[in-house]
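Copied over from TrEMBL:
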{"type": "BINDING", "residues": "Gly143, Lys144, Gly145, Gly146, Val147, Gly148, Lys149, Ser150", "note": "ATP binding site"}
{"type": "COMPBIAS", "residues": "110-124", "note": "compositional bias 'Pro residues'"}
{"type": "DOMAIN", "residues": "10-80", "note": "domain 'MIP18 family-like'"}
{"type": "REGION", "residues": "85-129", "note": "region 'Disordered'"}
Amino acid sequence: MGFAVTIATAQILDQLKRVKGPELIGNIVDLGLVSGIVIEGDQLSFSITVPARLADQLEPLRAAAEKAALASPGVAGAQVTLKVDDTEETASPPPQPVRSAPSVSQSEAIPPPMQKRAPPPTPAPGAKAPVPGIGAIIAVASGKGGVGKSTTSVNIALALQASGLRVGVLDADIYGPSMPRLLGLSGRTQSGENRVLIPFEAFGLKVMSMGFIVEEDTATAWRGPMVMQALTQMLREVAWGELDVLIVDMPPGTGDAQLTLAQNAPLAGAVIVSTPQDLALIDARKGLKMFRKVDVPILGIVENMSYFQCPDCGGRQSVFGHGGARAEAERIGAPFLGEVPLVMAIRATSDGGTPIVVSDPDSEQARIYRDIASAMWTRLTEERILAGGQG
Ligand SMILES: Nc1ncnc2c1ncn2[C@@H]1O[C@H](COP(=O)(O)OP(=O)(O)OP(=O)(O)O)[C@@H](O)[C@H]1O
């Protein structure tokens, strides 16, 4: 028995080495944080010692350790507890007050930029370098146009912002920028010191869009290298200040421009928006493949226009079929982040420049966007904790 347990423990520790430490340095095993391993049959329990000041933010770490433990051969159940280390020096900052959106981490909880993942096929030199001051860059993409990618991007951004994070939005849709309309902004961007562009601000978000740089239609004749140059400038030569997260509203589709962008921006993850129709889902699958090819983690799939909600009776109708994106997410092992109904209020508020998360924060739809943002953020945190786990 003793021999068998020793082998099992070694395998478990091997799995747990994939889990990064609370401050994303080293792993929980080598840092000596795992203790009290008990194996009873196929059930496992152990503790992870964590600093008191971070204790209330480390549920994703606990969950990641549980997931890793369950991947060990023969383990059917795992109970992992966080043990608070009270011996930590008192100079540490006190715990931050809890703000809204329960499982969305607070700005102070944002881990430092993710360790570099395996390099994509041919990134431009220096292209993947982190953008100073920005904690995480997340792409919101769709396989085809018109599925509500921009509407989803802006409402997710506002939901993250409402949870206390510092958020920016980069409208990377060179040919059809939507952010000026969605956020009720107009005008041209100004250059500050060293020709750095000054972002616009709306509802507390920092915003940059091609719509602030050139006249509509000017960019339509642009080809690959010019588009990439403009996008690089909008990403790196903007006075973003300190941001916890930058949401990039990608151009629709999965062509060369999208691939180059996915390959040439230091993305921490991608969210795919799809409607439930088969055709949209086929295109969404192409989007998923594209990000996987360049090693950008998929944070999840959102089904937009999932069902029609009757404004009078509240009844639901599945106009385009329903649940296809969830099934697709399950099929490929990507998280499913949520379903957004087809609701007149979403269209009207977006087109009116006051997205629903800010214009009607108590609505059911605003709650849905907050839940999606929260699930996405939790997934990002887990992804960072497990990052580099294969190596
Ligand atoms: N859940 C929804 N309910 C009602 N209308 C919606 C919903 N989502 C998006 N829309 C509307 O659908 C239209 C297209 O949405 P949006 O511009 O966000 O799509 P997109 O995928 O970004 O499009 P493009 O490919 O042009 O960039 C807009 O008029 C928007 O207001």
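Even glycines carry a Cβ here, placed using N, Cα and C.
On the structure: features taken from TrEMBL.
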{"residue": "Gly145", "record": "ATP binding site", "Cβ contacts under 8 Å, 6 or more apart": "Gly176, Pro252, Gly253"}
{"residue": "Gly146", "record": "ATP binding site", "Cβ contacts under 8 Å, 6 or more apart": "Pro252"}
{"residue": "Gly148", "record": "ATP binding site", "Cβ contacts under 8 Å, 6 or more apart": "Ser142, Val273, Thr275, Asn304, Met305, Val340"}
{"residue": "Lys149", "record": "ATP binding site", "Cβ contacts under 8 Å, 6 or more apart": "Val140, Ala141, Ser142, Asp249, Met250, Pro252, Val273"}
{"residue": "Ser150", "record": "ATP binding site", "Cβ contacts under 8 Å, 6 or more apart": "Asp171, Asp173, Ser178, Met179, Leu182, Asp249"}
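Comparing the binding-site residues Lys144, Val147 on other C-beta atoms within 10 angstroms of each C-beta gives the minimum for Lys144. DSSP assigns Ser150 (ATP binding site) to a helical segment in the three-state reduction. Taking a Cβ distance under 6 Å to any atom of ligand 1 as the criterion, the binding-site residues Gly143, Lys144, Gly148 reduce to Gly148. Around the Cβ of Gly143 (ATP binding site), 25 further Cβ atoms fall within 10 Å across all displayed protein chains. Annotation note: Gly145 (ATP binding site) sits in a coil segment as assigned by DSSP.
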